[in-house]
Amino acid sequence: MCGIVGIVGRGPVAPLIVDALKRLEYRGYDSAGVATIEAGVLGRRRAEGKLVNLEKRLNAEPLDGKIGIGHTRWATHGVPNETNAHPHFSNGVAVVHNGIIENFASLRDELIADGYVFSSQTDTEVVAHLIARELKRGADPVAAAHGTLKQLEGAFALAIMFQGDEDLIVGARNGPPLAVGHGEGEMFLGSDAIALAPFTNSVTYLEDGDWATIRRDKAEIFDMDGARVERKRQQSLSTSYMVDKGNRRHFMEKEIHEQPEVISHTLAHYLDFTSDSSKPLDLPFDFAKLDRIAISACGTAYLSGLIGKYWFERLARLPVDIDIASEFRYREMPISKDSAAFFISQSGETADTLASLRYCRSAGVPIGAIVNVRESTIARESDVVLPTLAGPEIGVASTKAFTCQLSVLASLAVRAGVARGTISREQEKALVHQLSEAPRFATQVLKLEEQIEKLARDLSRYHHVLYLGRDTNFPLAMEGALKLKEISYIHAEGYAAGELKHGPIALIDENMPVIVIAPHDRIFEKTVSNMQEVAARGGKIILITDKKGAALASVKTMETIVLPDVPEIIAPLIYALPIQMLAYFTAVFMGTDVDQPRNLAKSVTVE
Ligand code: F6R
């Protein structure tokens, strides 16, 4: 999603803005731009594509102002080109914007009728023209910005600069995040604290409906009625984050390899390995008194929730209603008063997940957030934050956040089972001990890299792939397919193995590799029957199993990846690794942009 930076600085700000934009690159973008005011005149440089193109423009034609705004754009309205790149200008007003102005079409018609000429296809340009019109009608810059904000509908974050005032940026938030960074004799705006980390770790997060004036010596925050509001200033943790790839080629590769460590940190937060028990949690509800729970999330986070459903229902006999957040928020599902709702999100900013949370909030049920970014909106709007301790995840394709989400969900399901009396102390001990083994097994699986890299070379020759699994391996099959399509652009689908006969079997021929996730568990035999159905039709099977499964599979495979024998509870965490590695190496062979795949964004702050 788009990234915003604004600096009212002490020296030339353009290089600092580019530096901050680089830290927002992980959000995904397709063009970028910077504007500054120098000797009373607005100047801007914009470029399609990566930030290096913008840097080249700035090297050729530097901008020297001490105040500036910058932007990485992820196209919503209008193609990704230089003309549509932000900042957008109108008569001395410069605007950068993240989100969607929903009433832009009617505003645009009105402005055109008023004589304003549009040079881009963006919804953002209406904001610049509206402010310019307010100025023309006699408002001062702050009043012009405020007057414009009141006319906008939709979800947006904005940073606005005015020719003629080199000590003022106006920021506004209604949906996508925006933070003020407090410096000494300088002030900052940024989409998140990671962007501001090189400048300051003292930040104030704007809340929805807030807008702010930032000047070198002070930042003031207002509500939509124009009344001053106080928002907490806090120390961001982000300064300690070193956002680099280490010795790896891609962030995704680095993040895959961090999993043994971050799974272990996350599990240790919820489980006590000395007594093999689940730690008591300070929850706003009692698991024993719940009649069901609701879970909502998007993409990979949703798939972790789907695996969580199997655990909660099996271990705690607690029914789970789970839905993709973009459906959850609109389908008006009845929410039981005796339920709790969990929202799962790496970024904590996903618009649909946040809207689902607010739906449950209005139904009055207690809310838990399983999030990676603890300072995020979803975290702040929840009653309890259940953190994943994955550290910053920069690769757009989620890997370590997923297995950390699974770690939290498995721990919670055990805790719920203990509270509801559905698992005994002996079972709790055994399950916690088994979970403690996950990091060790994950380390072993990462050593299969060479075999998986070779397999990926073969896989990269195909155009379609089917993933199959049963039980928790069904959501994992969908995750395998999602990972493969998003970074290698190979079309892939994940199905419940038992559904094969109900349609997808028609696709099977010698050009269709079928990846089957099948540890030797109580339904292994059933999956073997499905593999036989595939083999009988000439499909190429790639089997991911354990030693027993490999010995008993009795089908010819194109490749068998043999993982260690692992306890059932940790199987999803361990089997996630080969599917991530397979997607990663296939994408490397295909030569795609692994960390920032086309069209995708890390933090999806619009619906
Ligand atoms: C896939 C992926 C996405 C995210 C989804 C939700 O690899 O990363 O499907 O899982 O956009 O994002 P968060 O977890 O930030 O809410």
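Just so you know, the numbers here start at 1 and follow the chain as drawn.
Cβ coordinates come from backbone N, Cα and C, glycine included.
If you look up TrEMBL, you'll see 2-217 marked as domain 'Glutamine amidotransferase type-2'.
Residue density at Cys2 (active site, nucleophile): 30 other Cβ atoms are found within 10 A of its Cβ, drawing on all protein chains shown. Feature annotation from TrEMBL assigns active site, nucleophile to Cys2.
The annotation domain 'SIS' is assigned in TrEMBL to 283-422 (among others).
Annotation comment: TrEMBL describes 455-597 (among others) as domain 'SIS'. On the 0 to 100 pLDDT scale, the domain 'SIS' (455-597) averages 95 in this prediction.
Under DSSP, Lys602 (active site, for Fru-6P isomerization activity) is assigned to coil, being neither helix nor strand in the three-state scheme. For Lys602 (active site, for Fru-6P isomerization activity), the count of additional Cβ atoms within 10 Å of its Cβ stands at 24 [all protein chains shown]. What TrEMBL records for Lys602 is active site, for Fru-6P isomerization activity.
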Cys2 (active site, nucleophile) and Lys602 (active site, for Fru-6P isomerization activity), distance between Cα atoms, whole Å: 10
